[in-house]
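> One structure, as structure tokens, below. Some questions next.
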Amino acid sequence: MRTWHSLFGALSRFRIPPWLYWSPTAVLLATSFYVPMQISGRSMQPTLNPDSSAWRDVGIFDRFRVGLSHDFHRDDIVALRSPENRDRMLVKRIVGVEGDLVRTLPPYPDSVVRVPPGHVWIEGDEPFYSDDSNRFGPIPAALIDAKLVGILWPPNRFGRLTPDVSLAKNGAAYRHAMTLLQKERSRKARVNSIHIQG
Amino acid sequence: MTYRFWASRRLAEFHSTSWSLRGRYLSRKCLHLLNLGCAIHLTAEYIGRPSFMSGPSMLPTFAHEGEVVIENRLSYRLFPERLSRGDLVVLQSPIEPGHIICKRIIGMPGDIVCVDPTGVWAPSTEHVKIPKGHVWISGDNAAYSRDSREYGPVSMSLIQGTLFARIWPLHRATIFRNPMTFLD
């Protein structure tokens, strides 16, 4: 009897500190809506981590819409778990969605591929440095974790993903914008998104 | 002091207070409930959860409907290298995003597997080497299962956890063990 009393006494004196008690809400709020992530590597140049920048970009990613409704489209930049290594996150651009005909780039064995149902074709903007669908083929859409909505850091490129060509005044900014435009055009020319039923 | 006495006292306290105090009390209760919900969600996501099984693809291991199993999410998260052939895994479907499927692991990365020994999906002589970071999965009921025979090796990044035990129906309650036997 006495031991029970002392045990209850000890238990009632132990109080969960408030920060620990409220941690589930805090963790869920911090990880399931907008999440900042640092982007490393050159595979998304010149959109992300351009050579002209001294810092590595920090992007703000939307996990909620992707996780809830798989809301992503062609040309979105997404963060996904690598199909070959669970612990690695990749940042790539969705080039083709299910049903699209994509003209592939060299490491891939076939020259044209039809993206199977539930899959997407992802590529880095700089194919030379990129580990993407040209190496491991179309990836299941379930691997997509978040969608890039803007750049958080460095401050001079805050917010924007695609620079406006008409606003580019000096030569370097104009060249940068034109490179992006050209890349976008050549990327779109490689995808046939007209689906013929039957 | 019985619970009923304690509850009636709490109720009397609640009724005797002003509306603003009642509102504060109720909103505080809602916050606590929300916090509890978040804790349950995180536990289900990272440690384990009960889940309902349905569908014919895993007969006779699982019935067509009405069975409840416990998923173990923690051990695959902590020790992904402990996954082995014969384990029951829960994974996101590679062909239907948002769908969760349960299958058995047949081949690990680097293995060479026969695509379909019955010759329905592919000639029975066709073999595939499983690439790095992928596994070959199959349902126990081959006639009614869409699995690797149809869509090829699946990425291990899609795996969410392993099955730990069946808790319902009670007379079929078991802890799942790896059934693999090795022939030398």
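The backbone N, Cα and C atoms fix where each Cβ goes, and this holds for glycine too.
OK, TrEMBL features for this one:
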type	residues	note
DOMAIN	A:25-103	domain 'Peptidase S26'
ACT_SITE	A:S43	active site
ACT_SITE	A:K92	active site
> Secondary structure at A:S43 (active site) (DSSP, helix/strand/coil)?
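Looking at the DSSP assignment, A:S43 (active site) belongs to neither helix nor strand, so coil.
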> Which residues, sitting 6 or more apart from A:S43 (active site) on the same chain, put a CB under 8 Å from its CB?
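A:L90, A:V91, A:K92, A:G124, A:D125, A:E126, A:Y129, A:S130, A:D131, A:D132 - these are the non-local Cβ neighbours of A:S43 (active site), listed in sequence order.
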> Just how many other Cβ atoms lie inside 10 Å of the Cβ on A:K92 (active site)?
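So the number of other Cβ atoms within 10 Å of A:K92 (active site) is 25.
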> Could you put numbers on the helix, strand and coil content of the domain 'Peptidase S26' (A:25-103), residue by residue per DSSP?
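So the domain 'Peptidase S26' (A:25-103) is made up of 14 helix, 26 strand, 39 coil.
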